[in-house]
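Colleague: Mind having a look at this structure? Questions to follow.
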Amino acid sequence: MTTSAVVRVRVPAKINLALCVGPRADDGFHPLGTVFEAVNLFDEVLLWPADEVNLNIVGEGVDAVPVGPENLATKAFALLAARYTLPAPGVHLEIRKSIPVAGGMAGGSADAAATLLAVNEWAGLGMDAEELRSHAAELGSDVPFALLGGVALGTGRGDHVMPIMQRGHHHWVLAFSEGGLSTPAVYGRFDELVPDGRDVDVPDAMIDALAAGDVEHLASTLRNDLQEAALDLRPDLQKILDAGQRAGALAGIVSGSGPTCAFLCRNEDAAVRVSAALVAEPGIVGVRRVHGPVPGAKIIREHA
Ligand code: ATP
């Protein structure tokens, strides 16, 4: 196999700047109003033709990732294989993970988005952004945003995404903690704690702060309605949030359904100080400085 036969896609993790969660509907889903930001923590998906579908996963937390048909990357391939004529009966998929598994940063969704893009390229399907988005939405609420990247408003189940005008760069510190949190378990606890749900309107103040490039104002508007439920299941996360604030973060939130905690910092120097302080904190298995926004899933061309 020549390297030119390999399609390589890089796809970012997300942080929810706002995650506004309405009441559970009869179909089990919750209406959402969310603001996503893509940050420079990437998984990579490599794809090349094969006689059947093979999946190989390397990197962070791979023991917790299913390698069968339930893997979101395999599901993305299966969805397109059922709808289009592809040049080979299968593909070899290699996922190089850096996004923490079950960490509230949508790593599985990112891999699904990357696979859609890789198959589109390899098979020459010529799908436009809207066609890709509609397949992505079938695979999961966070998959369309992983294609889009940047900063975006997500409505519906989070799958209707629209770019948000924003200025500037955000410096974040991520604190990864032991174990994952199951997204359905966190939503289940949310339903018990807040049976009527919350209002799903993303705060106007956040949209204004993004447009103005005002990071301090933005920090004061961060909102995660799942945080209370995540902290109820993982009370140890409160200590991590407190430690980040003490170290000078403008604000700290649980990322999505957790348990990753994300700290927004005034600038790079502040982020260095916050990350140095968090490294010493018990219960944290990794600390990473990232920035956003960054683009969504992208094909990496070796000689580009
Ligand atoms: P989200 O923020 O979208 O709720 P998450 O970041 O908390 O998700 P993921 O890393 O996306 O969590 O994984 C959630 C679960 O999905 C994992 O526990 C794993 O069993 C399953 N999964 C399926 N495919 C993948 C994949 N490619 N990478 C990671 N997890 C996957």
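Cβ atoms here come from the backbone N, Cα and C positions, even for glycine.
Bear in mind that the values here come from a model prediction, so they are computed numbers and not experimental data.
Grabbed the feature section from TrEMBL, which reads as follows:
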{"type": "ACT_SITE", "residues": "Lys14", "note": "active site"}
{"type": "ACT_SITE", "residues": "Asp142", "note": "active site"}
{"type": "BINDING", "residues": "Pro100, Val101, Ala102, Gly103, Gly104, Met105, Ala106, Gly107, Gly108, Ser109, Ala110", "note": "ATP binding site"}
{"type": "DOMAIN", "residues": "71-150", "note": "domain 'GHMP kinase N-terminal'"}
{"type": "DOMAIN", "residues": "206-280", "note": "domain 'GHMP kinase C-terminal'"}
Colleague: Other residues with Cβ within 8 Å of the Cβ centroid of Pro100, Val101, Ala102, Gly103, Gly104, Met105, Ala106, Gly107, Gly108, Ser109, Ala110 at the ATP site?
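Modeller: Here the non-site neighbours turn out to be Ala13, Ile99.
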Colleague: Helix, strand or coil: which one is Ala110 (ATP binding site) in, per DSSP?
Modeller: helix
Colleague: Would you mind splitting the domain 'GHMP kinase C-terminal' (206-280) into helix, strand and coil residue counts from DSSP?
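Modeller: Going by DSSP assignments, the domain 'GHMP kinase C-terminal' (206-280) contains 44 helix, 11 strand, 20 coil.
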Colleague: Please check each of the recorded positions Lys14, Pro100, Gly104, Ala110, Asp142 and report the ones with a CB atom less than 6 Å from an atom of ligand 1, ordered along the sequence.
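Modeller: Close enough to ligand 1 are Gly104, Asp142.
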Colleague: Let me know the most crowded of the binding-site residues, choosing from Pro100, Gly108 and counting other Cβ atoms within 10 Å.
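Modeller: Counting every other Cβ within 10 Å of each candidate, the maximum falls on Gly108.
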Colleague: May I ask for the distance between Ala102 (ATP binding site) and Asp142 (active site), taken between their Cα atoms and rounded to an integer number of Å?
Modeller: 13
Colleague: Compute the C-alpha separation of Lys14 (active site) from Asp142 (active site), stating it in Å without decimals.
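Modeller: So the alpha carbons of Lys14 (active site) and Asp142 (active site) sit roughly 9 Å from each other.
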Colleague: What's the number of neighbouring CB atoms sitting within 10 A of the CB on Ala106 (ATP binding site)?
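Modeller: There are 31 of them.
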Colleague: Round to the nearest Å and give the CA-to-CA distance linking Pro100 (ATP binding site) with Asp142 (active site).
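Modeller: Here the two Cα atoms lie 15 Å apart.
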Colleague: Taking all residues of the domain 'GHMP kinase N-terminal' (71-150) together, what is their mean pLDDT?
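Modeller: Reported value for the domain 'GHMP kinase N-terminal' (71-150) is a mean pLDDT of 96.
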Colleague: Specify the secondary structure state of Lys14 (active site) as given by DSSP, simplified to three classes.
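Modeller: Strand, per DSSP.
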Colleague: Roughly how many angstrom lie between the C-alpha atoms of Gly104 (ATP binding site) and Asp142 (active site)?
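Modeller: Approximately 11 Å lies between the Cα of Gly104 (ATP binding site) and that of Asp142 (active site).
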Colleague: Measuring Cα to Cα, how many angstrom lie between Gly108 (ATP binding site) and Asp142 (active site)?
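Modeller: That comes out at 9 Å between the alpha carbons.
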Colleague: Counting across all protein chains present, how many other Cβ atoms fall within 10 Å of the Cβ of Asp142 (active site)?
Modeller: 29
Colleague: Long-range neighbours only, meaning 6 or more apart in sequence with Cβ under 8 Å: which ones does Ala110 (ATP binding site) have?
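Modeller: Non-local contacts for Ala110 (ATP binding site): Val11, Pro12, Ala13, Lys14, Asp43, Ile99, Asp142, Ala146, Ala297.
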